[in-house]
Amino acid sequence: MRRVLKELCRNATALSASSNASTTALSQRFRSTLSFFRYHSSVPLKNADDAPTADRLTAVPLERTRNFSIIAHVDHGKSTLADRLLELTGAIRRASGGARNEQVLDTLPVERRRGITVKAQAVSILHRDESDGEEYLLNLIDTPGHADFSFEVARSLSACDGAVLLVDATQGVEAQTIATFYLALDRNLVIIPAANKVDMSSADVERVANQMVRVFGVERDEVLEVSGKTGLNAEKVLSAVVQRVPPPRGNPDGSLRALLLDCRYDDFRGAVNLVQVVDGVLHKGDKITSLASGQHFEVLELGFNTPTPIATNVLSAGQVGYMITNVRDVRSSKVGDTLHMRGLTTIEPLAGFRPAKPMVFQGLFPVNSDDFEKLRAAVSKLTLNDASVTAQAENSSALGAGFRCGFLGLLHADVFHQRLQEEFGAEIIATAPTVPYRIKHQSDDTYIDCTSPLSVPSGGFPSKSTEIEEPLVEATIICPSNVVGTILELCADRRGEQLEQSFLDDSRVILRYKLPLGEVAADFADELKSRSSGYATFDYEEAGMRKSDIVRMDVLVNGVIVDALATLVHRTKAQRHGKDIVARLKDALPRQLYEIAIQASLGSKIIAREDIRAFRKQVTSKCYGGDITRKKKLLEKQKEGKRRMRRIGNVDIPNDTFAGILSTKRD
């Protein structure tokens, strides 16, 4: 550590510029992952009173409290607008020298690296409104925009009474814009429409505003014209929140009821909970009880996120803040739980929100089997912070002990993998993704959930009385009118059924399709972007189950099934998928002294095969002339030896080979 610090001081000049090359060089030198967070130098606030304090935050009554969220399609500027609102209210200092605060609420390294919001973040800010001169407490929740993190959006909206619906003025209404609008509408939230990025030369404010009027049914004069980059009309957003969004519907004098919104693990303090007090008052030192588990807690610390944590002794009805208890066990916190005072037995549970339903399953295994306990601890702590992930223990003959994890999509899974590596140092192998199928036995009309290919017999069920149903989704695709033909071809190739086609405006079309989830989860989004040159967007929701000809395809190496490579595919696509995976495995496996046969099979039927030729050893090199029978005898002896090696030898597939094959997208 001393050597590391010494080297950091020596390279301070390079690191002050956040040089990626310098950081990479130091990481390689010390064989460690180094992360640097850059803070802009700041200028003082206009008034010392602008900085929020615990006394000022707790003094705001319920009727002057507003809980709202910013929702939009990915990359439409939610986090950027949130930064300007925080600067405007004095929650963060304005950066000096022309620099701007960026992604203040995106605290995870993976969020800053990818430039997307993964976790919804809540922050309490104070705003003095010009209409009445009163100070208001605004609890702002910045939400993700990608469809894979819709659970974070739904969870955030359950704590809100209004939402700022943001639309990029250069892009217009997108598929996820419509999805988040209906999420907010289902919760009876007040919608504040706003067109963002109006400062850009390519912005078409009137066209986008008319789209919002037509799609969302809002009035044209309700649409705010803002710029998250420059802060244009940011104060109008705050005024609209104060004037249009109602205060929380809670009873400050009632019995305590608090909703557990989120939780994260801290190495020093244990579980740090994000709570919203709905009724009553929560004090530091209170003895509270979980309605779901019946477990008792003592409140050790309370506070507001401003976004800097500010400790307080009390949280009142309508307020959102963090809570630390005397229980460090990560399994004691269940997101969506209702908390109440200990000893009360007639507490009505809060509505909370629906648990997330995993859409994609993957097996996660440690690269080194000795690191399983390390992986177990990492998964346990990370699922506390991301309640939409499910994890069950699983064993594989090829990869050893691991977990079968459920995610909301492939991006969600990829972010989870990155967080395991960056936050806990866990090196993992992820198996091929599969969707949750359902096995139906007609003899007794029972259903069995199937999240692993090994749950299905090789080649399918022998009895016709047993069926497999696959999940369906109803997809909404918004694309330019000139690429509709190629998008229709893509949906047809993915076994889609067209439901509707309509025009959003003169240049863009809305397509609605019913598609198998397995076809969407693989690489549908990437292929959609490729065929539309990046202009098409899509979102989907569950649409039930349907009987389908789904079969298990196995991969055999020298006649031995490799369970980690088993997949569930539609019978019509099994051969194409089989040829693809055996070809990739042939390129990845090292050659041996004997021939290796790589096969893909449906039960006993081989549908694809590749062979890796053996190394040739020149056994006749020591023969200089003489009788030809001597050479033949040596060649026959070599041939017999190779037959014996093929019979008794096992092909050891390295773990990095698994990782390379399973991470490669299909052709």
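Cβ coordinates come from backbone N, Cα and C, glycine included.
The annotation domain 'tr-type G' is assigned in Swiss-Prot to 63-249. For the domain 'tr-type G' (63-249), the model's pLDDT averages out at 85.
As annotated by Swiss-Prot, GTP binding site applies to 72-79, 142-146, 196-199, with the evidence given as sequence analysis. When secondary structure is read from DSSP and collapsed to three states, Thr143 (GTP binding site) falls in the coil class.
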> Counting across all protein chains shown, how many other Cβ atoms sit within 10 Å of the Cβ of Asp75 (GTP binding site)?
Replying inline: 15
> Whose Cβ, among the binding-site residues Ala72, Val198, has more other Cβ atoms within 10 Å than any of the rest?
Replying inline: Ala72
>> If you count other C-beta atoms within 10 angstroms, which of the binding-site residues Lys78, Thr143 is the most crowded?
In response: Thr143
